[in-house]
Structures are given as structure tokens and as C-alpha cells.
Amino acid sequence: MDKVEIPEVVLNSGHKMPAIGLGTGGSPAPLAEQLPPLVEAIAAGYRHFDTAAEYGTEEIVGQAVAEALARGLIKSRDEIFITTKLWCTDADHDLVLPALNESLRNLGRHGRVLSERVGQVYCVSNYSCAKLSTLLENATIPPAVNQVELNVAWQQQKLMEFCKDKGIHVCAFSPLGAYGFRWGTNAVMESLILKDIAAAKDKTVAQIPQQRACTGKEAVSPDGQYKSLEELWDEKI
């Protein structure tokens, strides 16, 4: 399988984040069956994985990175950008650091324990303009990324403009509208306009909104299992 080079975005922290990531929160497969596709994804060129303590996939993502390193698919763990999330049940002041440290251990990042003043890239998820304003008024370190649902059927233009003005990058989850999931919508994948565009360009319907998000300067974290990067990233669209 040929490796695809994915463009990166530069965050306000100075870190670089791959513009396409692979979400691990929607897979119905048992954890043991998720390891081979994740390693295959790394071999294909994926360098950004999205997980969370609540998803129960932190350990399997960490195992995939370790196996990729052992097989020579990557030279260093630092080649992989991993997004994980503090769950709301651990948002109490005394629970935050222990929960984050547990996530690091799950991901195999032993010896890289967080302190109150040292971290990697600080991000938020599902923050509105009002919540971001409150955060920016009180935070010592501004968030680098706001991960929100974003697709052609739910464009959130006001939030996009606010984040752009504040130097906060937007990462889109559910770029296909979580199609096929019980909480999802059919408005993207069954859009007659997108079907016409895909037919005219000889592409799949899924390629159009995901490529649009990337060229629109958002990062994209698709739902569910591994999809080939050749399908997700096509500069000809």
C-alpha cells in the first residue's frame, strides 16, 4: 500500500497537526479487532488519531503506535498526533490531572506525566462562542483547537469566524454527518447536490465534503473505522 502524504496545519502553540485524523469513537468492532486496521492506517499514512477516555480506545491506539514503531512504520512516537479528551465526569479540579495522567498511561506515554504548567497541545471540544469567550478571559494558555461537529449540513459559520479571529483552529468531527450511526443524519451523504457534484467529478459522495473541509482549512476527523487516504484526500477535487 502506498503511503499518502497528508498536509499539516500549524497551531497557535507552534505544533503541527495533520489535516486528516482517524476517529475511534464510533467503531462497533471489538477492541482486539481494531488493532490491525489502526496499524494498517499508520502504514497508509495516517498520523492523527482521535480517541477519548470515554471511548475506551486509548489503549488500543497506544498499542497500534507501539506496533507501528516496532515494525518500522514510524521512527518515533512523536510522528503520531493523538487527540484524547478529558471526560466531563473528571472535570472537578482534583480529578483533572489524575485523569489526564491515566490517559497518558493508556496511550503508552509512560514518563510523560503532566504537571499544572507543562503539557502538549491544549484543545477543547464542543465549545460555543460564548464558552470560548469565557475561557479566553480566564485561561493562561489559549486553546489551540476547538473540535466540533462540522459538515456541509451544519456549517457553524459564526463559530468558524470567531475561532479564526482568535487564532483557534477548528477540527471537524462527523464531516459525513455521522452517517449510519443512530445519532447521525442523512443530510450529507444523501444530499442530491453532493451526489451531482460527485458524479460530475467521478468521485464518491464521501470525498466531496471531506475534501471541502480540508481545503477550507479545517482539520477533519472522520467517524468510524479506517478508510483509505487515497479516498479521503484527493487534491484533484
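Each residue, glycine too, has its Cβ placed from N, Cα and C.
Feature annotations, courtesy of TrEMBL:
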type	residues	note
DOMAIN	20-109	domain 'NADP-dependent oxidoreductase'
ACT_SITE	TYR55	active site, proton donor
SITE	LYS85	site 'Lowers pKa of active site Tyr'
BINDING	HIS110	substrate binding site
DOMAIN	123-183	domain 'NADP-dependent oxidoreductase'
**OP:** Would you kindly give the Cα-Cα distance separating LYS85 (site 'Lowers pKa of active site Tyr') and TYR55 (active site, proton donor), rounded to the nearest Å?
**Re:** 9
Original post:
Residues with Cβ closer than 8 Å to the Cβ of LYS85 (site 'Lowers pKa of active site Tyr'), same chain and 6+ apart in sequence?
Top reply: THR51, ALA52, ALA53, GLU54, SER125
Subject >> Neighbour tally for TYR55 (active site, proton donor), based on other Cβ positions within 10 Å of its Cβ >> reply: 18
Original post:
Where does LYS85 (site 'Lowers pKa of active site Tyr') sit in the DSSP three-state scheme?
Top reply: coil
